[in-house]
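**Student:** Annotations per TrEMBL:
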type    : residues           : note
BINDING : 180, 241, 313, 527 : Fe cation binding site
């Protein structure tokens, strides 16, 4: 799986450039044969506007949300894209400047206002961004684009029109939720977000949104908190990007990457700051693994601990013989990986990109195993008896259970990230295959498949080609777990006529089935979904 590809031409810089939305869908040039059962839409989200006038956005997660759609029908493909009309985008276009502070870019007060109004604007509090550039997911019969704040944006998946902005704070006690919810087979949506509770104490709430209502009312209005995880620090919540779920447990991994709330509030109101300025690392806490049972929804008060990691994406979690198995895409250490994702770094020449990546945390796919039957008298003993893993859990004298992982994949500065599985079939269950986007010194340049049992790997890769997260779509007549296809969006900046395309790969061996090329550049996308 390790990439040997070099990119001296720096074609990857093109995926971090502003593009225009399309007036109407454009036809794609299809090579190969699209499976006749593959009829639907590939929806993707990412940044599409990297500056407003002369004001640049500085971080990868700052550009304004652009929604992409590849429609597949009768072997033909069209491509369409449209900016999401968030408040952040509309106001920026109206005022021709960056109006709302983003993840790594501070929005300065209007220079045309007098000094007094600019001064007082610093004391009005933070205006949270609704720039929903990360993901899109269904809630009932509706679809929502999202980022990691309390705002989600309802969109029309057919026309890509923006319908309305929803503030989740109006329904549940959270300050923000992740862009990686879990969706049950009945349509119930689970997510996690931090909240400020009684006595200014921090906690993390699992939120449930019910499926489509018989009375056609909005499911979001019936959202509720189902269980709460405690925070390791009172005024410093950990950064949360995803969480795990099994039939009987919620899994939350609390990392040492912290948001200093006091710094956040004071810095923002007095001198102007952005979200990235308020992150810090707790170099001594390591990583805390939390579990909560489902039915009844109760926190499991056992202290599971491990060494420090950054964590963005869970691959899968499942239960086996009294153990909870947790597979993660990790980065070793406590330094925040997002420090290396400023656009200036990603747009450097290849040798500089590699040099910077050498200083960043090392990526690694890891398996942790948590025992559910824990007794204090078993100190010093490995509590894991599953025959197929080398992961360990040892009770210490202070009552904590120390977890050591099994490494499923590791390559120098080679990340297996943006993971996907056969979600409908395997979410929360024992599984075999994971698919991911391969990052070569932070540059996405391959699609990967990993057998989590044997650690066998497969790779799709072409020169000067930069793919995105692969989405698995199961063959309706398939029998095996990997009977299906992977859909990804690839940019080939060197192509004279059609530099962007949707790629369809056989999920069994990553061989190419078809591609649908378009005559426009496509900027980087993060996450998305396949809508049948």
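Yeah, the Cβs are placed from backbone N, Cα and C, and that goes for glycine too.
Help me understand the surroundings of these features in the structure.
**Tutor:** There are 20 other CB atoms within 10 A of the CB of residue 180 (Fe cation binding site), with all protein chains counted.
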**Student:** Provide the number of Cβ atoms within 10 Å of the Cβ of residue 313 (Fe cation binding site), excluding the reference atom itself.
**Tutor:** 18
**Student:** Do any residues at least six apart in sequence from residue 527 (Fe cation binding site), in the same chain, have a Cβ closer than 8 Å to its Cβ, and if so which, in order?
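**Tutor:** Same-chain residues close to residue 527 (Fe cation binding site) (Cβ under 8 Å, separated by 6 or more) are 44, 45, 134, 135, 136, 179, 180, 418, 469.
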**Student:** Excluding 180, 241, 313, 527 themselves, which residues in that chain have a Cβ inside 8 Å of the centre of the Cβ atoms defining the Fe cation site?
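**Tutor:** Sorted by sequence, the hits are 134, 135, 178, 179, 242, 312, 314, 418.
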**Student:** Once the chains shown are all counted, how many other Cβ atoms turn up within 10 Å of the Cβ of residue 241 (Fe cation binding site)?
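**Tutor:** The answer is 20.
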